[in-house]
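**Student:** Quick one: structure below, then a few questions.
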Amino acid sequence: MKIMRKNHPLLKIINHSFIDLPTPSNISSWWNFGSLLGACLIIQILTGLFLAMHYTSDTTTAFSSVAHICRDVNYGWLIRYLHANGASMFFICLSIHAGRGIYYGSYVLSETWNIGIILFLTTMATAFVGYVLPWGQMSFWGATVITNLLSAIPYIGSTLFEWIWGGFSVDKATLTRFFAFHFILPFIITAFVLVHLLFLHETGSNNPSGLNSNSDKIPFHPYYTIKDLLGVFLLLLALMILALFFPDVLGDPDNFTPANPLNTPAHIKPEWYFLFAYAILRSIPNKLGGVLALILSILILAAFPLLNVSKQHGLIFRPITQTIYWIFIANLLVLTWIGGQPVXYPFTMIGQIASITYFAIILILMPISNTIENNIIKL
């Protein structure tokens, strides 16, 4: 078997990626979230596949087909809630994974980092079209409001959003194509994940110290396979607690009402993991400006490798940038909170301050603190 896994064309790839892979001996639990994201993706694809067997993408039957899944299909309620809450777990792991990348300077591996940003955007698109499928009030109005933002694009905007809608309003054609997108995108994500791993294994993984670890590496199996399995079991435990005890805690009560184009909810908002970007969008009074800020709030992650002027790798020995990093995380949490609040004073003002702070930290404060720390080292 040993010879086979090293010589067989297919097993050789698996062996070099998950068994004999030389891995830094000091990587902490923060490095577990990559494998947890893989576990989340598998859970989402499997539960989604079973849901797709019973779901109908028609405006007249979509809402009742979801109710049918929960009431009449064997363990349909469990599959549905695992899928819905699995998306939340996915974004929690994704946020921590990206946060760890920023903290420990993993963005210097620019190909891996940029594929990660593409993965983040694709996952957001998948989650958005998936949120529309139950065809509840918030699904319908969320789809209407967010897709309407495309009309802000000069010249082609109105044509573009009518083309995406498949008509002059969000209707049957929109739901059908959103279901098609939601079905195909996870497989595109899987392909990008393989490219992400390919680039990662070209350079090797980063480590907490930020130093070169070539002199001290251990095989991935059994050390990190056991460590990752523990993480997966804890993830499953958290997901099962969420799905079995608090299944609707992260959902919106408006989505228990079938979609009604004649009745607008008091406060239209997306899922909780989009609220930070939604707050940035709302903080700019101009429609086109808001859309650009929304897109830049994600694409600005690509600026990290370009703005990095530090002579040290990661933030572990850099107290000034460390402080700014944790202010950045706190600011993100404030934006998430503001995104869920109604558009009224003082929430709009807090949102505008937090949005300016978000961009200022990345574009101004972090490069300045890097330069200050470089000068301190010279002293």
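Here the Cβ of each residue, glycine as well, is placed from N, Cα and C on the backbone.
The transmembrane segment annotation in Swiss-Prot covers 33-53, 77-98, 113-133, 178-198, 226-246, 288-308, 320-340, 347-367, and the record cites similarity to another entry as its basis. Summarising the annotation, Swiss-Prot assigns heme b b562 binding site to HIS83, HIS182. Annotation comment: Swiss-Prot describes HIS97, HIS196 as heme b b566 binding site, evidence class similarity to another entry. As annotated by Swiss-Prot, ubiquinone binding site applies to HIS201.
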**Student:** When you measure from the Cβ of HIS83 (heme b b562 binding site), which residues in the chain that are at least 6 apart have a Cβ under 8 Å away?
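**Tutor:** Listed in sequence order: GLN44, THR47, GLY48, LEU51.
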**Student:** Looking only at residues six or more beyond either end of the transmembrane segment (347-367), which have a C-beta under 8 A from one in the stretch?
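**Tutor:** Distant Cβ neighbours of the transmembrane segment (347-367) are 279-280, 282-284, 293, 296-297, 300, 303-304, 307, 309, 321, 324-325, 327-328, 331-332, 334-335, 338-339, 341.
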**Student:** Can you tell me how far the Cα of HIS196 (heme b b566 binding site) sits from the Cα of HIS182 (heme b b562 binding site), in Å?
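**Tutor:** Cα-Cα distance, HIS196 (heme b b566 binding site) to HIS182 (heme b b562 binding site): 21 Å.
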**Student:** Under 8 angstroms for C-beta pairs, at least 3 of them, ignoring pairs fewer than 6 apart in sequence. Is the transmembrane segment (288-308) in contact with the transmembrane segment (113-133) by that rule?
**Tutor:** yes
**Student:** Give the nonlocal contacts of the transmembrane segment (77-98) in its own chain as ranges (CB under 8 Å, at least six residues past its ends).
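**Tutor:** Result: 30, 33-34, 36-37, 40-41, 43-44, 47-48, 50-51, 66, 69-71, 116, 120, 123, 127, 130, 235, 238-239, 242-244, 247, 250-251, 271-273, 301.
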**Student:** Report, as numbers and ranges, which residues of the same chain sit near the transmembrane segment (113-133): CB under 8 Å and 6 or more residues beyond its ends.
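**Tutor:** Answer is 55, 57, 62, 66, 87, 90-91, 94, 97-98, 101, 106-107, 139-140, 142-143, 146, 174-175, 178-179, 181-182, 185-186, 188-189, 192-193, 195-196, 199, 270-271, 273-274, 298-299, 301-302, 304-305.
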**Student:** Residue list, the transmembrane segment (320-340) vs rest of chain: Cβ under 8 Å, 6 or more residues beyond ends.
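**Tutor:** Counting only partners 6 or more residues beyond its ends, the transmembrane segment (320-340) has Cβ contacts under 8 Å with 99, 102-103, 269-270, 272, 274-280, 282, 310, 347, 350-351, 354-355, 357-358, 361-362, 365-366, 369-370, 372-373.
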**Student:** What's the CA-CA gap between HIS182 (heme b b562 binding site) and the residue listed as 'ubiquinone binding site' in angstrom, rounded?
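**Tutor:** One finds 29 Å between the Cα atoms of these residues.
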**Student:** May I ask for the distance between the residue listed as 'ubiquinone binding site' and HIS97 (heme b b566 binding site), taken between their Cα atoms and rounded to an integer number of Å?
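**Tutor:** Rounded to a whole number, the Cα-Cα distance is 17 Å.
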**Student:** If one looks at the chain holding HIS97 (heme b b566 binding site), which residues at least 6 apart in sequence have a CB under 8 angstroms from its CB?
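**Tutor:** Non-local contacts for HIS97 (heme b b566 binding site): PHE33, GLY34, LEU37, GLY116.
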